[in-house]
């Protein structure tokens, strides 16, 4: 930009601003180098890797069961889903039979985890936008779920609960009843969020029509999950490629229309409602039985290459395992939805101002543990 | 000694002024201390938390401890800052905020209130000076976040000053005077101006929120975007002064609101200062309540909002007031 | 304007609700039975099979033992480095005699990393403390010896 009246020229300069790695709303240690013209972004470059721990390389040296605690630390807000993604891949590769009871329990736990993760998205997003209270409200709701997880698995964040072939423990006495009691509470919590946030004109003003992209763009960047569905493309692995026992449940896949930040926010809300529905149905149908199937003492995946993706909280979470028949993977590659979804960021940020940078970044819903892995 | 407003200045009346200033300063400090406490407590309750509860009974001394901590901190002046400007910026910001209090009538007897004939105008003029302190602070910090924050602050305060002034003009028309004491006297005889001036009151509420840089207009110090805005580089007691400025303005604005729309210290049964305190507290609590509820406005929508919504509304209110005043 | 007002109403309705804060240092959280805190260790039960050390994903357990006069292995040293332990509880999964278990001690903050190397004695003290704090979780057999965990946890 230059101010000129023909003769005198005011010299202006672009400014390079390092957002992060120590910045309040980069959701961890994420660094964004933005070139600013005034307050408008000319160019943005994400710098990642501050939380890189080499999970994929470490996994090559670990037995399959030992990898499970490492998956907890990928998307640490949805550890149960990560656990499941790994176990599911190995089970598929070994063509293992999972007892019905275990599958139902897994689905209940996974949907609870999805709600917990989405809840935190809502809170963190609103905190990015400057509203403080929703963050604390969703933490209260999330706490209810985490407490139940603590009871069943013994941990509050890194559960390490799923096992190849089933689960680590059965649900303790009365646990399922507690989940049943939780369902109406979750509905009430969701309603509170809806009342507080969804109708707020300031919020709508802020996120409507922001960070818009088309289905083609999203597909070209390999986006998945809510980021893809917000453009109106109906793609949810639970429906399109049913795994586990998701084909037994009746639930909708909400999709957005505009592909803007508001759609992404609102889909999180709607998806939580669908998850509550799944939990309800699973609680009604859960049969008795063992919580873990017949598993050989040493889990050996037959030689070959295997990939299975599940619908994680952020998108398609997949584990690609190359095995040479030993009890350790020869190579493991994790398809990390946060990482893939983040790739569009520089394109989305171009021409936006500083306030929108945070709003767009927040709506993509990244977790740095997963991006950097 | 106490009648400096009507008599020539003497050493005795100067002493009176000095005592008055110190009393008001102490009063202001206490008010600021407890508005911060009340903010933390009130927002805590809304968020199902307890709020400060460790220092003193019910945490009443929490703010005192915080201020003490800021005062004994090392006074850090970063290497690459513009030293002089960096040091005087908090002073430039604070002094007008405190001076603005001089026109607020706290009670029935105007002991410590300057009975200035242009009170409302004086307030607006002084509050516009603070922005220089903020801008200088942001510029001198040599920090990009601070620079963006201070520029935002300047743009925002300029934009909101105008609807704020226009909404006050409505009240001034009703009372027929810019003197804040006369405005209260006007309300004593008729109703509180919040009833005839309801539109002006709404505009004033919104514009004053913008002027105070409070949620949802807290863009200059939007911590999720700009870390801390214009006072990113400040620490210790210089930072404390910026915070103090902010809360003194909150108090001053609460006093102005109470004076203009709620009849100031006037009211039945209770003593004047108590009425004033209650009315100011209502405004302050309202600010905290909004803060606990609202997300931040988008920066590129704040200015259009001020110019395209608030200003026409304020002008509309002004026209209606003028017409009614002429007709009735 | 309506949504704006609705939001204000929501926040105001929260005011009288019960506060959720746990007054932590004074009031400790109640952990469920399966809670995975710091380990506890019962040296008498250990048969030095080394399975826990092998299954540990972070290699934080080191142990040594000697064969006693009765041809049974006895544990000599058992150290866990809590600097790198991730409390995944895989070691308690594989332990055939349940000599290594998880307790509900969770406060390990210390000024030096060296203090995080905890040996057999500390871990046994932790076991004793756990028994004192949760007598209801231990069933006693006929002789009155503390036998094992209450059913439910053990696989």
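Including glycine, each Cβ sits where the backbone N, Cα and C put it.
Note: TrEMBL annotation is automatic and uncurated.
Quick caveat, the model's predicted, so the values are computed rather than measured.
Annotated by TrEMBL as transmembrane segment, the relevant range among B:46-63, B:64-81, B:190-207 is B:190-207. Contact between the transmembrane segment (B:302-324) and the transmembrane segment (B:247-266) does not hold: fewer than three of their C-beta pairs are under 8 Å, each pair 6 or more apart in sequence. Most Cβ pairs within less than 8 Å of the transmembrane segment (B:116-137), among stretches B:12-37, B:158-178, B:190-207, B:247-266, B:272-290, belong to B:158-178. Counting residues 6+ beyond its ends, the transmembrane segment (B:272-290) has Cβ neighbours under 8 Å at 35, 38-39, 42-43, 46, 105-109, 205, 209, 212, 214-216, 250-251, 253-255, 257-258, 262-266 in the same chain.
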